[in-house]
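Lifted from Swiss-Prot, the feature list:
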SITE      Arg20  site 'Transition state stabilizer'
SITE      Lys27  site 'Transition state stabilizer'
SITE      Arg156  site 'Positions MEP for the nucleophilic attack'
SITE      Lys212  site 'Positions MEP for the nucleophilic attack'
Amino acid sequence: MSQTPEQIIAIVPAAGIGSRMGAEIPKQYLQLNEQSILSHTLDCLLSHPDIDKVIVALNPADNYFAKLPQVKHPKLECVIGGKERADSVLSGLKIAEAGAWALVHDAARPCLTHRDIDKLIASVNEFPQGAILAAPVRDTMKRTDEKGLISETVCRERLWHALTPQYFPVSSLMQNLTDALAAGALITDEASAMEWAGVMPGIVSGRADNIKVTHPDDLQLASLFLKNAV
């Protein structure tokens, strides 16, 4: 029997400053093919027919978001984000319907496709606890010691690169994020909060070009992917 969420929302934590880019402005506002990285991300989410609402968590000192062309879209809402990603996600979850499901997506992943969103949403029937997009590890993985010397080769079997969106019921994600943070757990993404609570999220294989723009070289790569998008 298929499950149909009461509502599907997207949450975009966009309160960070992206210091590793070495740019003068937060990386989500850097230009990419004639509009900002965040604009590309929002365009994909706002245009998806199954997403009812897109909630963006912003830095309280943000002076850039109001200039985006998407700012007046009827499906868009904004909240004040926090210092950490998890705090921003919680801010978005707090204004969501209790029976909704949340797609949490990185602001700096502008190459997301509707096809991957469709696959993730459909996975609720196989993974009623929630799931994430991920890409299988293809390269040989090495672990180093504290001196930067290779100490071992890590078996890549069943290893995945975690991507976003990550898709969970609003009520359980909010509870587990809250509890994990209160316990001082290291939470790097939504799945890690669910794992901490004993939930085993599913994996949905996603496109490897759904990259996160983190370093300057990533901008050129994202530009190429967007130009060749099908």
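Note: Cβ is positioned from N, Cα and C throughout, glycine not excepted.
With respect to Cβ neighbours within 10 Å, the recorded sites Lys27, Arg156, Lys212 differ, and Arg156 shows the lowest count.
The separation of Lys212 (site 'Positions MEP for the nucleophilic attack') from Lys27 (site 'Transition state stabilizer'), Cα to Cα, is 11 Å. Comparing Lys212 (site 'Positions MEP for the nucleophilic attack') with Arg156 (site 'Positions MEP for the nucleophilic attack'), their Cα atoms are 21 Å apart once rounded.
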